[in-house]
Amino acid sequence: MNIIKVVLLLVTSLLLFQTQTSAGDPLLWVCSNSANYTSGSQFKTNLDFLLSALLSNASKSGFYNTSIGKDNDTVYGLAQCRPDTSTEDCETCLNNFIVEIIKRCPNRKAATLREASCVLRYSNQRFFSGADSRPTAIYSNKKNASDVPLFSQQRGSLLNNLSESAASEASKFKTGSINYANSQPLYGLVECTKDLKYSSCLSCLQSLITAIPDGKSGGRIVAPSCTLRYKLYIFFDPPSPPPPASAAASSPPLPNNTTKTPSDVAGPASDSSSSIDIVVVPIVIGVLLLIVVLCAFLIRRNKRKKRKYGMIDETEMISADSLHFDLRTIRVATDNFCDANKLGQGGFGAVYKGVLPDGQEIAVKRLSKNSGQGSQEFKNEVGLLHKLQHRNLVRLLGFSFEGEEKLLVYEYIPNTSLDRYLFDPAKKTYLDWERRYKIIGGIARGLLYLHEDSRLRIIHRDLKAGNILLDKEMNAKISDFGMAKLFVVDQTQGNTSRIAGTYGYMAPEYAMHGQFSVKSDVYSFGVLILEIVSGQKIYRFHESRDLLTFAWKLWIEGTPLELVDPTLTDNYHANEVVRCIHIGLLCVQDNIEDRPTMSSVMLMLSSFSLTLTSPTAPAFFTTSTTGPNKPIMDLELETSSISSSMSYSV
């Protein structure tokens, strides 16, 4: 009995596995040979931002097109999901395509991928509103229709009517059926990308209709701007009421000479039309093969789960020995943590400058002793944080854990932190507008990486000017990311009764109720933008009002430039400054859902052609008796209020 259960489980799992792995295979992929980009180029940076924006926006609305960059580095992009595709399936399809389009078309400046439920395109040339019906992939059933002249007539009538309807509707999508013979329905589907006007959509579909092979009982034609499909069996969710019941339409088994999977496409479509016959090859799978496939699937799924929830196994993690620094070495490097080498003090511990025997300069964070983690757990977390590599993050080099000493070793950043420049009357003059704008973009890129592009999602929860370090070229590098995980506050969203953060920068839902998400970091980022523009601290702007109140007042009065730091005089681009203030106010809105994601923020910063929504009033809450801008290491929450029990590492 147990053996039967195992075999049934194997068969079921294999079917699920095959469905999942084949669902994202493209029906059409086109890689342009006209131009290439190089890794690290501005075009590649713009392309990364574009793909992130397409995924974020199209997965919610079903369609999105935009452009990022200027001159020769401009990249245009479009993403669309079929209207009958769920939001979750749309996001999955586009996410798979973003991976596939880079893999299949590496370093190409134009590419197209299309599958049944979604399409993704980008190019260095503007293609919006243009009907691209070439190149074309043609899929046809091997079986011929029983009455070819009648079938061709009815098929033409069905597809022409559907094309007229789709072209005139906003969805640019239509399904339907027509009686073929003996009450046998013939089903059809047509779709255009939503950027096409009526005439362009209709022209594209008619071009595909003329390319249909004669006599075949089913087929599909796929082009960059449009697609169509017809078949004697229903292949889409029927509208209400459903088509009349018939022997042929009552969910029959798939004919042996037809397949719906696109995996037989041998390669990318060329610049001329290609005809692809889909032939099913019978495959006999034994129990041993089932076991092998299932094991591979389970191993892969287990690895995905570990990455998703922040777990790490020994084969994947960098050896702890390679990251471990001997405590004696660190003591010598920092002169036994002497005050002369102390760079600063934060909520998680003091930071010291050190010099290793080989001359390498390092920064050592001596963690507070209330971490509450065991040795292995601490090493695992450090192993994960070490994998977070981005030019706008401070690089973690390793750790030391001996007795009660827990040390994190980072690269040394010579220009210290942003607050040392921004809030110092003498040093702030070094921060001209070009540098400030560059710093804002760097923080945004680093935060986007932590939220969406890293191997596990990290919510910073203490983003502030003091945690933004500046390298020799004044590039922003985010520090202290992942600290909450090392102090057993390890959720990435939800509620917590223990808060790590700084008043003024903390979103009110986090400070008041312990609720946090990526939008909590977005709020902190908005505060940072306004501080960078004004050169003033959040709660030390004016005695009678805070920076958010003042910025909002100027915004609604139509005088946002009065917020600008006077030390900048008139040496700034007004459109960039107003744009940054606008984005900052969007980020600090009271309603969590109204705040943008970091991918949207990057799009706002990169594309001035994008129209921004009007911000609503910022979230306000009064200063506590503990004073502003103080780090909170161990803040216990009571019902809807903040307890007065706190401990600071000052």
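Every residue, even glycine, has its Cβ placed from backbone N, Cα and C.
What TrEMBL records for 1-23 is signal peptide. Residues or ranges marked as domain 'Gnk2-homologous' by TrEMBL: 25-127, 133-235. Among the features that TrEMBL reports, region 'Disordered' is placed at 243-273. What TrEMBL records for 262-273 is compositional bias 'Low complexity'. Taken from TrEMBL, the feature transmembrane segment applies to 278-299. Annotation source TrEMBL lists domain 'Protein kinase' at 337-609. Look at TrEMBL and you will find Lys365 tagged as ATP binding site.
Taking the domain 'Protein kinase' (337-609) as a whole, pLDDT averages 85 in the prediction.
Cβ neighbours within 10 Å of Lys365 (ATP binding site), excluding its own Cβ and spanning all shown chains: 24. The DSSP breakdown of the domain 'Gnk2-homologous' (133-235), given as helix, strand and coil counts, is 33 helix, 34 strand, 36 coil. The helix, strand and coil residue counts that DSSP assigns across the domain 'Gnk2-homologous' (25-127) are 41 helix, 30 strand, 32 coil. Lys365 (ATP binding site) falls within a strand when secondary structure is assigned with DSSP.
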